[in-house]
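Under the heading (6S)-5,6,7,8-tetrahydrofolate binding site, Swiss-Prot lists LEU112, GLY116, HIS117, LEU118, GLU247, citing sequence analysis as support. Here Swiss-Prot flags HIS220 as site 'Plays an important role in substrate specificity', drawing on sequence analysis. What Swiss-Prot lists as N6-(pyridoxal phosphate)lysine is LYS221.
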Amino acid sequence: MRDDQIFNLIEKEKLREKEHIELIASENFTSLEIRQAVGSVLTNKYAEGYPLNRYYGGCSFIDEIETLAILRAKELFGAKYANVQPHSGSQANMAAIMALINPGDRILGMQLSHGGHLTHGSRVNFSGIFFNTYFYGVSRDSELIDYDEVLKIARDCRPNLIIAGASSYSREIDFKKFREIADDVSAYLLCDIAHIAGLIVAGFHNSSIDVAHLTTSTTHKTLRGPRGGIILSGKDFNKLVTFNGKEKTLSNAVNSTVFPGTQGGPLVHVIAGKAIAFREALQENFKEYISKVIKNTKVMAEYFKSEGFRIVSGGTDNHLFLVDLSSLDLTGADAEKLLERVNITLNKNAIPFDKKSPALASGIRIGGAAITSRGLNESDSLNVAKFIVRALKTRSDIELKQIKKEVVRFIRDFDMP
């Protein structure tokens, strides 16, 4: 019997996505092929272990699928090693951290309120519960990462692991400088490229693969794949590490921390979706897509500046930027709810040195990846920014209703992938 309750809600979500302007920087739209793979019979199969070494029978086709995903990931990122099994970016980070250091060791990561991520040492996350954590941030003046300050902090706290990467930092990250700092204090370097993976494989951001000991990423966001995680390594993939009191290559240690260390059976249907996403990202038109993402994002940021808004760090080099709403006496939480009323979806976000709590926040985060997937160009993105500014400045019910009508009429012209 059909579950009408669930399928009616799915249809409502489908309509919401079609009639809303999606600006959440961590979201994107997958291709139909990816959705078909993720919704396929592969969801039925249990496959603990790795290709040719499973704990269950009947995995011959599963082995081929996972092997394809691994080969495509290695080709796409220029990596020597890839593990495509992590269920999420957070689980990829957990497995990577466990392969490199032991509970109680020291981690130096980016301050969450300055653009970092929960898994980079936050006290409420496994990374801050099981490890001793220290933090670097951005300069108060420039709102850019101060690498000299990172080195100073690293020399003071002597971390076993440094994590480079961010969830709301709009500038290019110099991974080579982070490796120099890590080498200076004899630490491992883990680079989390979840947000910028698409930019890296398209050649619009420097790569961490041969710089970091390990690189982690999600497979959605700018990669446009299904929700999931991946762990990669370049020239250090065969480096010997001490794991559970024994010497192992780094790649073997990661395989152990993914399964059986943090997961059981992999999500084979999602791995198939990842394989398709990697193939899509290997096509020439993916570079064109990422180029448009960056242009669209810059256009929006510049319009906000022209309207008197302060953009954190003064601009953007990637797919996102933060808008400081302090001049409007409006919290990020208020703005998020206000814009939802006009069918524009984004998220509240703390800004560096924010005096408001994370639940309120002083800023909003805006991303250009999803709208670009729907075919919006620079002129269209400018219109999106204008809708937002109008809504934030007016706040009157009558005007908000009018903006919503205009938004729906505008965005309906752009097909969903």
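Backbone N, Cα and C atoms are what each Cβ position is placed from, and that goes for glycine too.
Structure coloured by features recorded in Swiss-Prot.
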residue: LEU112; record: (6S)-5,6,7,8-tetrahydrofolate binding site; Cβ within 10 Å: 24
residue: GLY116; record: (6S)-5,6,7,8-tetrahydrofolate binding site; Cβ within 10 Å: 24
residue: HIS117; record: (6S)-5,6,7,8-tetrahydrofolate binding site; Cβ within 10 Å: 23
residue: LEU118; record: (6S)-5,6,7,8-tetrahydrofolate binding site; Cβ within 10 Å: 17
residue: HIS220; record: site 'Plays an important role in substrate specificity'; Cβ within 10 Å: 27
residue: LYS221; record: N6-(pyridoxal phosphate)lysine; Cβ within 10 Å: 27
residue: GLU247; record: (6S)-5,6,7,8-tetrahydrofolate binding site; Cβ within 10 Å: 10
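Distance from the CA of HIS220 (site 'Plays an important role in substrate specificity') to the CA of LEU118 ((6S)-5,6,7,8-tetrahydrofolate binding site) is 18 Å. Distance noted between the C-alpha atoms of LEU112 ((6S)-5,6,7,8-tetrahydrofolate binding site) and LYS221 (N6-(pyridoxal phosphate)lysine) is 19 Å. The CA atom of HIS117 ((6S)-5,6,7,8-tetrahydrofolate binding site) is located 15 Å away from the CA atom of LYS221 (N6-(pyridoxal phosphate)lysine). Here the CA atom of GLU247 ((6S)-5,6,7,8-tetrahydrofolate binding site) lies 34 Å from the CA atom of HIS220 (site 'Plays an important role in substrate specificity'). The (6S)-5,6,7,8-tetrahydrofolate-binding residues named in the record, LEU112, GLY116, HIS117, LEU118, GLU247, extend over a maximum Cα to Cα distance of 33 Å.
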